[in-house]
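Data first, discussion second: the structure below is written as structure tokens.
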């Protein structure tokens, strides 16, 4: 049977609570391993550190989102807190995508071209790329701070970051997010996998490691981010140009969009799994701390579909 979207939306607080409980300790553990990588002057540690910091900043906003959902989608705090929490929610998506791409490309260059592009794999280059990623996403996020994000719904409740219908100023940002924030990284992943497969000078075990790393990032990317971007594009196209679509259909798509947004927070508990490709000790520990809890969460969501 089809999933009952309204019933699922009532489980928002359960989803975010589980993400918070699993995500905070696993990302703190990841922060420790990233610090070890930085101590060894490994540029990969820079990207892993930034990815973890981004996840922790988003997780820090979850208590306010939990209160919001427990109050039946009624925001009781100041508007600037709504804007900040919304910024952390949406920008974590694209900051995470950016650093996931950096991690995959860095490992590709290290394995396939170990003696070339050494300047791109330096600590200074990694920090420069990290600063660019943060500044780019902060610049996009500033746009949201210029608009009112707290509004009243039909029940006279204060809703946060829930525009229905979508505001006209959001259209170009959404197109940018879909093309640059989603399609470009996806194509990059596929190109890396193809290049690794065609590399004649790379040892089989090295090919296997880089494929596992890139495949894991692709899995995180597709599971956590692709449903959201698909429905983001559908919403943008329909609400902008397809006036013949009924309001009921629009609202159903809005609800599915909400459902896809839930999946994006899973990346906060999935990202630390990348440390399994950094060291053997991290692999064993993270399996215990992360993989098992993630498996339980995924099992819980699969029960909604069957």
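Here the Cβ of each residue, glycine as well, is placed from N, Cα and C on the backbone.
TrEMBL entries are annotated by machine, without manual review.
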Q. With TrEMBL as the source, which of 147-168, 213-234 is set down as transmembrane segment?
A. 213-234
Q) Ranking 44-66, 125-145, 175-192, 213-234, 254-278 by Cβ pairs under 8 Å to the transmembrane segment (86-105), which is first? A) 44-66
Q) Given the model, what does the mean pLDDT over the domain 'G-protein coupled receptors family 1 profile' (26-275) come out as? A) 83
Q. Where, among 125-145, 213-234, 254-278, do we find the most CB pairs under 8 A to the transmembrane segment (44-66)?
A. 254-278
